[in-house]
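Report on one structure; see the data block that follows.
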Amino acid sequence: MRMRPTLSWTPGADLPPGTTDLAPVADALRAGGVLVLSGAGISTESGIPDYRGEGGSLSRHTPMTYQDFTAHPEARRRYWARSHLGWRTFGRARPNAGHRSVAAFGRHGLLTGVITQNVDGLHQAAGSEGVVELHGSLDRVVCLSCGVLSPRRELARRLEEANAGFSPVAAGINPDGDADLTDEQVGDFRVVPCAVCGGVLKPDVVFFGENVPPRRVEHCRELVRGASSLLVLGSSLTVMSGLRFVRQAAEAGKPVLIVNRDATRGDRLAVTRVALPLGPALTTVADRLGLRVGDAATA
């Protein structure tokens, strides 16, 4: 039986209250040297839900674990059916004002880098460069046998051919690209193997129960060491993969600033948490800095 990932903290318990004052965020960016750490909350305005915010998908959806995926063919079939259907929507998501604001900060030399916990590629689509995808990307798939990486669009084409007419109506989409389907809707969905060696294909993302590659973690730690401050955008910081960088920055005496509507696990380490929607908040900050944030058509 799969276990639902659980919270190891109580949101809002004896934590500093959020504010609506964006001045500290604007001041940090004006000073430069800011490292951005983004989470699922920055993509909700693009139609991709988060895990733990209001109405988050963990309330109705148990994400696939690495252990289940690698051990059980039926779990892989269920995953790929849901992911294939979800990709039709997920793959069409477009950057929102939050992503475009981050790209504008980067273009004007205010950032030292962007680390994202998201797997949607929307920072890059908005124009951000050198983005570190902490948890990988749904744009790629990897063979667990031969290690070959291939484009997700090619797998999508092969799955379409193997499952002609597969078009159940999903109840929703999740941050990991899964569509909400029942076992009956999954039916006899056919999974395709690696085109090179016939091995098992997996999205090039870090599943629950899987570790972020050590080299990637160290690269992120280097980015924290080189930054003047850390700006967290849309992350509850519930999992250690992101929280560790907040702790590192705070221990080094670097200001940590958070923009997230709900309480986060890192609030005690931050100089401020702005409790505002990300798109409008970051657009306001950009305006204060005299920066132009491109519209959706030009992002």
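Using the three backbone atoms N, Cα and C, a Cβ is placed for every residue, glycine included.
Taken from Swiss-Prot, the feature domain 'Deacetylase sirtuin-type' covers 15-292. If you look up Swiss-Prot, you'll see 39-59, 117-120, 234-236, Leu278 marked as NAD(+) binding site, on the strength of sequence analysis. Per Swiss-Prot, the feature active site, proton acceptor maps to His135. Per Swiss-Prot, the feature Zn(2+) binding site maps to Cys143, Cys146, Cys194, Cys197; the stated evidence is sequence analysis.
Features per Swiss-Prot, on structure.
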{"residue": "Gly39", "record": "NAD(+) binding site", "DSSP class": "coil"}
{"residue": "Gly47", "record": "NAD(+) binding site", "DSSP class": "coil"}
{"residue": "Asp120", "record": "NAD(+) binding site", "DSSP class": "coil"}
{"residue": "His135", "record": "active site, proton acceptor", "DSSP class": "coil"}
{"residue": "Cys143", "record": "Zn(2+) binding site", "DSSP class": "strand"}
{"residue": "Cys194", "record": "Zn(2+) binding site", "DSSP class": "coil"}
{"residue": "Leu278", "record": "NAD(+) binding site", "DSSP class": "helix"}
Worksheet item: Residues with Cβ closer than 8 Å to the Cβ of Cys194 (Zn(2+) binding site), same chain and 6+ apart in sequence?
Response: Cys143, Ser145, Cys146, Val148, Val200, Leu201
Fill in: Tertiary neighbours of the residue listed as 'active site, proton acceptor' (same chain, Cβ under 8 Å, six or more apart)
Gln117, Asn118, Val119, Val205, Val206, Val212, Ser241
Discussion item. Give me the CA-CA distance between Gly39 (NAD(+) binding site) and Cys197 (Zn(2+) binding site), in Å, as a whole number.
Written reply: 35
Fill in: Cys197 (Zn(2+) binding site), number of other Cβ atoms within 10 Å
12
Worksheet entry | Among Gly39, Gly47, the most crowded of the binding-site residues [Cβ within 10 Å] | Gly39
Worksheet item: Given Cys197 (Zn(2+) binding site) and Asp120 (NAD(+) binding site), what distance in Å do their CA atoms have, once rounded to a whole number?
Response: 27
Fill in: Listed in sequence order, residues with CB under 8 A of Leu278 (NAD(+) binding site) and six or more positions away
Gly41, Ile42, Glu45, Ala97, Gly98, Leu233, Gly234, Val259, Asn260
Practice prompt. Give the residue from the binding-site residues Cys143, Cys146 that has the most other Cβ atoms within 10 Å of its Cβ, counting over every protein chain displayed.
Written response: Cys143
Worksheet item: So what pLDDT does the domain 'Deacetylase sirtuin-type' (15-292) average out to?
Response: 91
